[in-house]
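S.K.: Copied straight from TrEMBL:
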type	residues	note
REGION	356-379	region 'Disordered'
TRANSMEM	37-58	transmembrane segment
TRANSMEM	64-87	transmembrane segment
TRANSMEM	169-188	transmembrane segment
TRANSMEM	200-220	transmembrane segment
TRANSMEM	232-252	transmembrane segment
TRANSMEM	264-289	transmembrane segment
TRANSMEM	296-317	transmembrane segment
TRANSMEM	323-340	transmembrane segment
């Protein structure tokens, strides 16, 4: 398969390389299936493990680490990783890398400054996630956080003049209903919880995080539409702003405490696991998500909710009652319906309206849908917007 470099040029396959067109149909199909299954596994594990690991690290007895320092460390590691990848793209030539970064970051400073707004929002979102997960059970947070699908859809309609199908509007209503049921169960005392947790603060934080996630993703698409920058360059630029803004937030929120106790106060192997997951999880998703279609992403999100719930029962003593099961089931169903392709959505709507209606127009095979950008922090690559499903890092 031809390789595309940072500048967009296509390199011919080297000796012994096999182009995509030379593969036998059966081999190509089998390889594609394997990539889809790998993508599914990565999306499920990343979606669930980050939330579970943060919850675990924030509920361990002993000294509690400063969330603001973890956000900064994740941005630093993410930026360094993207810098190394760009260095590899330049074949280890330091001079070429410096010239490239000078041109992309300094000379084209207007494009760089445009990233300050989404970077600020993503940094805020990462800090809000720590607040939310510290005050809500992991399963409750995982279900409630799917509101980012609703906020992204609304911002896309308002800012990009996108349209939603009737089935998508219905799925968003179903999503909101499911989240409301889960929150009603939480407010009603769905099982014992530690005294230092505040479900109201957790809900406010997750709603604010969903709003920031939806706005940042749509804003990023709007200002960078048509940009030729690679995913690694954009993440590096976001990492630079994210580190600077994260340090400002650290100084403002916990500056005195960090100065007294130290930047790495309370860091344990579990905390480092959270930082590494945040730093590399979003980048990993950015790589594998192009092999996953919208239905697969919807399936991955559903499995992540189930996995988070099961793990919460075993790790944190989470109690699943009928009300939570109903709300979570509605959210899972809404995620699946929203992620259906336009053709399939129309077919379902047509079938529900009449069994003898006109044929539904299907998108021709091989014709890509309109491009869009996911709001996931690390997932800064072009993919179909509507219908779509958002997958976790920003934060990352």
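The backbone N, Cα and C atoms fix where each Cβ goes, and this holds for glycine too.
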S.K.: Can at least 3 Cβ pairs under 8 A be found between the transmembrane segment (37-58) and the transmembrane segment (264-289), with each pair 6 or more apart in sequence?
M.R.: yes
S.K.: Near the transmembrane segment (64-87), which same-chain residues lie under 8 Å Cβ to Cβ, leaving out any that are not at least 6 residues past its ends?
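M.R.: Counting only partners 6 or more residues beyond its ends, the transmembrane segment (64-87) has Cβ contacts under 8 Å with 6, 57-58, 94, 97, 100-101, 123, 126-127, 130-131, 134, 230, 232-233, 235-236, 239-240, 242-243, 246-247, 249-250, 253-254, 257-258, 263-268, 271, 274-276, 278-280, 282-283, 378, 396.
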S.K.: Looking only at residues six or more beyond either end of the transmembrane segment (232-252), which have a C-beta under 8 A from one in the stretch?
M.R.: 6, 66, 68-69, 71-72, 75-76, 78-79, 82-83, 85-86, 89, 104-105, 112, 115-116, 118-120, 122-124, 126-127, 224, 258, 283, 286, 377-378, 380, 396
S.K.: With pairs 6 or more apart in sequence, are the transmembrane segment (323-340) and the transmembrane segment (169-188) linked by at least 3 Cβ pairs under 8 Å?
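M.R.: With 3 or more qualifying Cβ pairs, these stretches touch.
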S.K.: Within the same chain, where does the transmembrane segment (169-188) have neighbours whose Cβ lies under 8 angstroms from its own Cβ atoms, ignoring anything closer than 6 residues to its ends? I mean 6 or more beyond.
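M.R.: Same-chain residues near the transmembrane segment (169-188) but 6 or more away: 136-137, 140, 143-144, 146-147, 149-150, 153, 199, 203, 321, 323-324, 326-335, 337-338.
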